[in-house]
Amino acid sequence: MVRPLSLGDLPPNYTPPARPAAPQILAGSLQAPLWLRAYFQGLLFSLGCRIQRHCGKVLFLGLVAFGALALGLRVAVIETDLEQLWVEVDSRVSQELLYTKEKLGEEAAYTSQMLIQTARQDGENVLTPEALGLHLQAALTASKVQVSLYGKSWDLNKICYKSGVPLIENGMIERMIEKLFPCVILTPLDCFWEGAKLQGGSAYLPGRPDIQWTNLDPQQLLEELGPFASLEGFRELLEKAQVGQAYVGRPCLDPDDQHCPPSAPNHHSKQAPNVAQELSGGCHGFSHKFMHWQEELLLGGTARGLQGQLLRAEALQSTFLLMSPRQLYEHFRGDYQTHDIGWSEEQASTVLQTWQRRFVQLAQEALPANASQKIHAFSSTSLDDILHEFSEVSAARVVGGYLLMLAYACVTMLRWDCAQSQGAVGLAGVLLVALAVASGLGLCALLGITFNAATTQVLPFLALGIGVDDIFLLAHAFTKAPPDTPLPERMGECLRRTGTSVALTSINNMVAFFMAVLVPIPALRAFSLQAAIVVGCNFAAVMLVFPAILSLDLRRRHRQRLDVLCCFSSPCSAQVIQILPQETVPMGVAHLTATVQAFTHCETSSQHVVTILPPQTHLMSPSSDPLNSELCSPGGSTRDLLGQEEGTRPKAACESLLCAQWTLAHFARYQFAPLLLQTQAKALVLVFFGALLGLSLYGTTLVQDGLALTDVVPRGTKEHAFLSAQLRYFSLYEVALVTQGGFDYAHSQRALFDLHQRFSSLKAVLPPPATQAPRTWLHYYRNWLQGIQAAFDQDWASGRITRHSYRNGSEDGALAYKLLIQTGNSQEPLDFNQLTTRKLVDEEGLIPPELFYMGLTVWVSSDPLGLAASQANFYPPPPEWLHDKYDTTGENLRIPAAQPLEFAQFPFLLHGLQKTADFVEAIKGAREACMEAGQAGVHAYPSGSPFLFWEQYLGLRRCFLLAVCILLVCTFLVCTLLLLNPWTASLIVLVLAMMTVELFGIMGFLGIKLSAIPVVILVASVGIGVEFTVHVALGFLTTQGNRDLRAARALEQTFAPVTDGAVSTLLGLLMLAGSNFDFIIRYFFVVLTVLTLLGLLHGLLLLPVLLSILGPPPQVVQVYKESPQVLSPAAPRGGGLRWGMSPTLPQSFARVTTSMTVALHPPPLPGAYVHPASDEPT
């Protein structure tokens, strides 16, 4: 053993290394930033001391407050409405949606239930009678579904959507039509007689078998009923609709079916039909004119020959339309069937949902397991059920995640030495974070912020991982306080050392999540607000309540109690070891270690710092040092002060438990830092991260926009199979071009026709067959007027209609007569001279403006099938007007004009939309068409799911870049304010920007698409990344020595807390990997895990290297004195240490205390001595 050396033994060439000061040390010129740091740390010190004095009260009040806020979860509302979750806030889409709802109400006109059939062998042709037969079997099973609710039986015919049911004056015929009128079912079976089997309506007439669509020939029925009732108007209605023989005139799939009607084309030949030929061009419902199902709606994966003829298809689709809950309620309100059950809209909704679930279940089970075809069924309720399941909290995963975190915290913080063991603190800390998360979510519920799937599935685990980071940091710092710190000031010292880091990380996290609110998607905006509030609650719990737990644990240790089992005493708890930090000092080839205790006092008058050394100073021979004696010696770790026994405990006691000496700080000190800070290692690190950044920049070009519904639905489920098949074969979307009020429709007909033409020419719009007129209300309305004008002209020419009578004319001729004599003048409403001087449609194909709204009233009342097919949805709806050809009174001649339209729509079908780029292109084209129409005075906008859920991608990347840039600026300002060093803040922001770019690029390589959810995570990554960087930067900033030494000391101090924080975050995220939803795994678990690993790499590899090369100068510079007068800053740097006697310190000194190792500067100091320490408490 080398004897301790005195100060006089120091050689002339002695050059000391620096010693890391605790983060709160201030030295050098007391500039404003340092004074602010001292003031802030003084507040934290005072806060910690007060909490320690009243730890029981603080803990009780904190638990009560957080528990009260957690009760707010009882009023939490989980939002599952897609429109409320995904439509951009305050966007033009939301304004348009609001306008639509104001005019039409909250609900759609109908809901869709779909069946998709594909072959079990991929790519097999389904255009065969056998495949159609299996499709009939599944569809027929689904159509026969009945459910019993409220004592009533509900079948398809009661709840289906029926389009354009006509009003008939004959009561008997009206009741029969009501029972027989078919449901709207878009199916390839409608090309055949078997399509009638899906229609469940029936009627009874004396002397005939039950009338059903399978045996109904409308033409024959009208002939039979003609002698008993006046059905001329109804006959004309059927003729206009081109009903013909309906289903009995179509070929039979199975001509051997005993019910195949004789009127079927293949009834006598018994030949199976050519399925591909029959389905080519689509099918028709019972009305050939108004119910045409386009081929793209029925067949998927089609292939055609050289002449364009249909050869094969890989999928079949049938769609059943049901009434909306509101329609069903209105339909049965006041009906005798529901008068005794208190019929309500909620009951109507329950009926529909129950029927839909049963529909999907039976349809999926309709075919045997060994069938060559498979059926995929889906309904709107299926989607609602998925969203509800997606939003439910998984209690098992939440409990499992928190138990795992409890175990990790307990095991990590347990020690062999009970004086250092903090297992109970770890358990209490995790439970406190859990309570803080619950209280934060409860506060969100009380503030009216709705919950969604991101809140329930992700936030509890993400908040746990982030919150526990600071728990580890405070717990580690509390046990490593300077050994001379008085017991009542231990908590104050802990907060003074770590409070700045905790505040900086928490504030940056809150700012990051608040910046994510810039993403205008309601679901993600709510998630970001909730995350920010939860982080704030975690911050309050860590800074206020957790110190009380640490203080109580300190009492446990002081009273010699076991950890965790604190009711039992332990002798080891009494082993309190006072260890003085040591420093290695180079002496030529040999090394010396100086062990000193320093007290730094700031003189307010001269704005300098005086460091006073106590008389215990001695020198001793050091052990070997990894980084050429410039790194810390074994006794200098700020994390291991209580665990060291050098000089005060027998060496054998340490050597007996060598495995217990190994810690993360030990690893960072002796292995990691010396290796990392070598020149070659620095170069490798810079090259690696440069390559990673370059590769990530390339990866950013691979990131595609989009979020498909198949990404959300769990893989392997029947719902996912359906959605995958639909996306592959039937990527069709019903949209509408809505025209608003604010312009004159009557005088803007040409502009409306031009708008329709421009919209129809878009690439994504499915064109109607060449033989079919455009399916819009304006075309139907004009064609109807031209039809009755032609009937009038014919009746006028034949003399059946004259100037004074139209009774002998046709129904259409009479209608034209009444319209032609209208003037629109309230004083003289009729002018019979106009019968021969005007036309209902002029040569340019335009309707006379003065007749426009009166003709609209007549058309709506007289052509219900055409109106229903047009899907016009007029608002205000035109008034009802009944035409009676035999009523010639003046009142019957007058036609009320409809009110000026404020809402109408043209329906379209979009097809070929597979990628987000396809949607964006279609949306841009639709918007441009509307803008051009706006220049012509027509106010219009597109409506439909592509515009609701995909328009966000038009500005999503711009929003993302804006949010990240603003957040980086905010992070720079916050770091500058709390670190008081713009240089360091700039390096932190540089590393955070690199992390964001690299995360974005890795998403591209992983195939994760950019949507609002990854954008929120990318924005939040800036705040989360601060957790991995600010501790290292702060340790570097407040440590003495050259850059390499300060980087090494910063790593030694922060390696363990940063690593523990990363592991805790990964453990919190681990439970996400067990989610049933692949969406949660890919878009949250994978992305957040990559973010955590990137943060760990950048915080412990790149940032220390950058600091060792580009880091700012230290904020701590030591100044020594030899007399009561303090040395001026201009004192020679190379001179000796000069000391003077000063028995007491002036009261004007501003004091900042710390435990530190002071290196002595050459030359040797003959006669020098150490001033005694002040008697003031430290």
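A Cβ is built for glycine as well, from the same backbone N, Cα and C atoms used for every other residue.
Here is what TrEMBL records for this protein:
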DOMAIN    394-552  domain 'SSD'
TRANSMEM  395-414  transmembrane segment
TRANSMEM  426-451  transmembrane segment
TRANSMEM  457-478  transmembrane segment
TRANSMEM  499-521  transmembrane segment
TRANSMEM  527-552  transmembrane segment
TRANSMEM  960-980  transmembrane segment
TRANSMEM  987-1006  transmembrane segment
TRANSMEM  1012-1034  transmembrane segment
TRANSMEM  1055-1074  transmembrane segment
TRANSMEM  1080-1103  transmembrane segment
Winner by Cβ pairs under 8 Å against the transmembrane segment (1080-1103), considering only 960-980, 987-1006, 1012-1034, 1055-1074: 1012-1034
Per Cβ pairs under 8 Å, the stretch of 960-980, 987-1006, 1012-1034 packing most closely against the transmembrane segment (1055-1074): 1012-1034
Distant-in-sequence neighbours of the transmembrane segment (1012-1034), which means Cβ under 8 A and at least six residues beyond its ends: 23, 86, 454, 466, 469, 473, 500-501, 504-505, 508-513, 515-516, 518-519, 521, 523-524, 527-528, 531, 707, 952, 956, 959-960, 963-964, 967-968, 971, 975, 979, 984, 987-988, 991-992, 995-996, 999-1000, 1003, 1050-1051, 1053-1054, 1057-1058, 1061-1062, 1065, 1083-1084, 1087-1088, 1091-1092, 1094-1096, 1098-1100, 1103-1104, 1107
Positions whose Cβ lies under 8 angstroms from the transmembrane segment (960-980), at least six residues beyond its ends: 33-34, 36-37, 40, 500, 503-504, 507-508, 511-512, 515-516, 518-519, 986, 988-989, 992-993, 996, 1010, 1015, 1018-1019, 1022-1023, 1026, 1030, 1033-1034, 1037, 1115
Within the predicted model, mean pLDDT of the domain 'SSD' (394-552): 84
